[in-house]
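Q: I'd like to ask some things about the structure below.
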Amino acid sequence: MQASSLAAVSSASPSAPARRWTVEEVLGLYDMPLMDLIWRAQGVHRENFDPNAIQRSTLLSVKTGGCSEDCSYCSQSARYDTDTERERLMPLDQVVAAAKAAKDKGASRFCMGAAWKGPKDNDLDRVLDMVREVKALGMQTCVTLGMLKDGQAEKLKDAGLDYYNHNLDTDKEFYGQVIKSHTHDDRLDTLDQVRDAGINVCSGGIIGMGESRKNRAALIVQLANLPKPPESVPINNLVPIPGTPLADNPRLDPFEFVRTIAAARIAMPTSWVRLSAGRQEMSDELQAMCFLAGANSMFYGDFLLTTGNPDIERDDALFARLGVKAI
């Protein structure tokens, strides 16, 4: 299935208003016996998607390091002493070459990320050229550029952008414990601008930052209860980066991660639920459980911005073992 078929799946999603969820209801999902929760999530998944198809996206850092923000998990913050080297915005020809290589390896969506609080107008103009050139390859396009100013989302839409990623990261209650340089409401404002411009929203969170199960449930509720749920929901498993405040965070129970995938699938039945950062540390068996719980998208390629990802050969072998197809 190519990009046009992906669009057909999305456009075929029910247009009826999504139900409103409460934190107590999502906590009730988390509290179910794991096998019952996965069974329910798989049923919801099968009603809306091909259960044996996984969408593959590639993520490229087009501007690395030197970010002014203080996100406690991030290796690209200028406030922390990490191994990430600051790099300027990547030349257009290098971005296009990377997109072509990703397409040749089976990716249908190409995501471009830049480490800054938000794009300056002259930098945005260069990103617009990247979007146009990648779009011309027949790939879906996505960017993650931080917070947007008035009018910038419309420019991205005019360039042909399909998705804008801006994660909520965690719920409003826990947010101030991991980020202080901007607010949870700032992120919601950018999502509103993206939605108003007619761009598909990609927004999810990071699990394992020290938040409680209630915080995780509240994040899912916040996403599901947006005026329109995100079309794409990346779920990241924290990768502790040396030099960041979360470097020594204990690992999350893998089954809790599966529960989060399942709860997200049930609460957002027509969204693409993506396995994102942290997959390199997951066993094939854990990833298979996540697919069974409703994940149907993944990042494909050796790196996600600055963290590792399973190599392509491992992913291809996993798909063959599971009998699933890439789209």
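In case you wondered, yes, glycine gets a Cβ from its N, Cα and C as well.
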Q: In Swiss-Prot, the [2Fe-2S] cluster site includes Cys111, Cys202, Arg274. Which of Cys142, Cys290 does it also list there?
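A: So the [2Fe-2S] cluster site in Swiss-Prot includes Cys111, Cys202, Arg274 plus, from the candidates Cys142, Cys290, Cys142.
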Q: Write out, in the order they occur in the sequence, the residues of the chain not among Cys67, Cys71, Cys74 that have a C-beta within 8 Å of the mean position of the C-beta atoms of the recorded [4Fe-4S] cluster site.
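A: Near the [4Fe-4S] cluster site, beyond Cys67, Cys71, Cys74, sit Glu69, Asp70, Tyr73, Ser75, Gln76, Ser77, Ala115.
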Q: Distance between Cys111 ([2Fe-2S] cluster binding site) and Cys74 ([4Fe-4S] cluster binding site) at the Cα atoms, whole Å?
A: 18
Q: Tell me the coarse DSSP state (helix, strand, coil) of Cys71 ([4Fe-4S] cluster binding site).
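A: Note: Cys71 ([4Fe-4S] cluster binding site) is coil by DSSP, not helix or strand.
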Q: Give me the long-range Cβ neighbours of Cys142 ([2Fe-2S] cluster binding site): same chain, 6+ apart, Cβ under 8 Å, in sequence order.
A: Ser57, Arg109, Phe110, Cys111, Met112, Leu161, Asp162, Tyr163, Tyr164, Asn165, Cys202, Ser232
Q: Tell me the Cβ neighbour count for Cys111 ([2Fe-2S] cluster binding site), meaning other Cβ atoms within 10 Å of its Cβ, over all protein chains shown.
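A: So the Cβ neighbour count for Cys111 ([2Fe-2S] cluster binding site) comes to 28.
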Q: Rank the binding-site residues Cys67, Cys202 by how many other Cβ atoms lie within 10 Å of each Cβ and give me the one with the fewest.
A: Cys67
Q: Could you tell me which of these binding-site residues, Cys71, Cys74, has the fewest other Cβ atoms within 10 Å of its Cβ?
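A: Taking Cys71, Cys74 as the binding-site residues, the minimal 10 Å Cβ count falls on Cys71.
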